[in-house]
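Trainee: Okay, here's the structure, questions in a sec.
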Amino acid sequence: MTPDEINTLRSIGLDLIRSYVATTNETILLTIYGALVLKATSVLLRKEMRISSLITLLAILLMFAICLVLWALDLADFIAEVKLSFISNPELPIKGRLANARSFIFPNIAAIDALYSYLSLMGDGIIIWRVWNLKSYYRPWVILIPIALLFGSLIATLMLTYCVGRLGDSIVFGTFEKPAFCRNVQTATYAMALATTATATILIGFTTWNFRNAIKPLLSGHPVIVGEPRRRRRSPVENILLLLIESGILYFLFFAIQVVGVIPRVHNWVSTKPGVSFAFTMFSYVSSIIVGIYPTAVVVLAHLQTSVLDDAANSEVTSTLRIGEQHTSATSDTWPTIQHATKPENEIELNTGLHSSEHERSQSVKPRESLNA
């Protein structure tokens, strides 16, 4: 066996190890994703069936179906590489068999890239919709910013689809080498998702900041009980909103890695470092699952926020009424209220309006008038 053949076999072996480990990790993560999809489906079906809930449910199920297809393509590529490199056409030299394997795999990678861009597009749409439901703390026109970015993602995705259909063979290990137009379009799909995630996370952060200001008098040293100021603590709703922010930051970093990874100089450097290349392969295989998990988790967390807010509101009503009966010498202040009324469960509106009058000032303790989930 010549040194050239030994190097080729070594390359195939390393490729198979990476593919096997990456596919195994992808399978495990896909199982977790499936459980999360079931939870989100249960949450959406328990609600009053509105058009928005139905569209969200269909988008979540379609995203999961795309992830299943991507997983099947990865598995097919792994099996094909083994078969075409070692079993089929034994009369060919090892280099010829490797070339046959790659000629089969690279078009599949092109299809994976196209499906991935649509998966990311749907995920961004779900995230924007959930952010819109937290619109109480900012002007409605602000939502036009992520919507404009989503429209840009759609344009970039359609152009990438054209590139994949016409020039799919130019994709090498998931990245367009040429022409520059298609390489730039691929980078644009990642950059648009990056910008959309950043905008959505900032809006959620702004919502959290306003919510903390709204409930701070209730959870800190507000004189609800004379001489017994409450110790500042983080409410369950705050915990969930902060979890949305933290996960949004991680999702932002996820797309940032992809944007950096398709830069030609970085891409070439990664291919020369075995350890970095192995880690990037693991990352690439699970990227579609991560894109599906995050918006699905946002739907579940939004439901948990609503449920926790319901429980907290009922608890605060009970405790405040009891305090009002026991203490008749305290003075009241303005209270933030959480309005429930007829709003659907997935639309949470928080109000910090003033509710004070001469009659209220004459009362020892004034229980909150309304609480909302």
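Just so it is clear, glycine is given a Cβ too, placed from its N, Cα and C backbone atoms.
In case it's useful when we look at the structure, here is the feature table from TrEMBL:
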| type | residues | note |
| --- | --- | --- |
| COMPBIAS | 356-373 | compositional bias 'Basic and acidic residues' |
| REGION | 348-373 | region 'Disordered' |
| TRANSMEM | 54-73 | transmembrane segment |
| TRANSMEM | 105-129 | transmembrane segment |
| TRANSMEM | 141-168 | transmembrane segment |
| TRANSMEM | 188-209 | transmembrane segment |
| TRANSMEM | 240-263 | transmembrane segment |
| TRANSMEM | 283-304 | transmembrane segment |
Trainee: Do the transmembrane segment (283-304) and the transmembrane segment (141-168) share at least 3 Cβ pairs under 8 Å, sequence separation 6 or more?
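Mentor: No, these stretches are not in contact.
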Trainee: Near the transmembrane segment (105-129), which residues from the same chain, at least 6 beyond its ends, have a CB less than 8 A from one of its CBs?
Mentor: 52, 56, 59-60, 62-63, 66-67, 69-70, 73-74, 76-77, 80-81, 143, 146-147, 149-150, 153-154, 156-157, 160-161, 164-165, 168-169, 171-174, 186, 189, 193, 196-197, 200, 287-288, 291-292, 294-296, 298-299
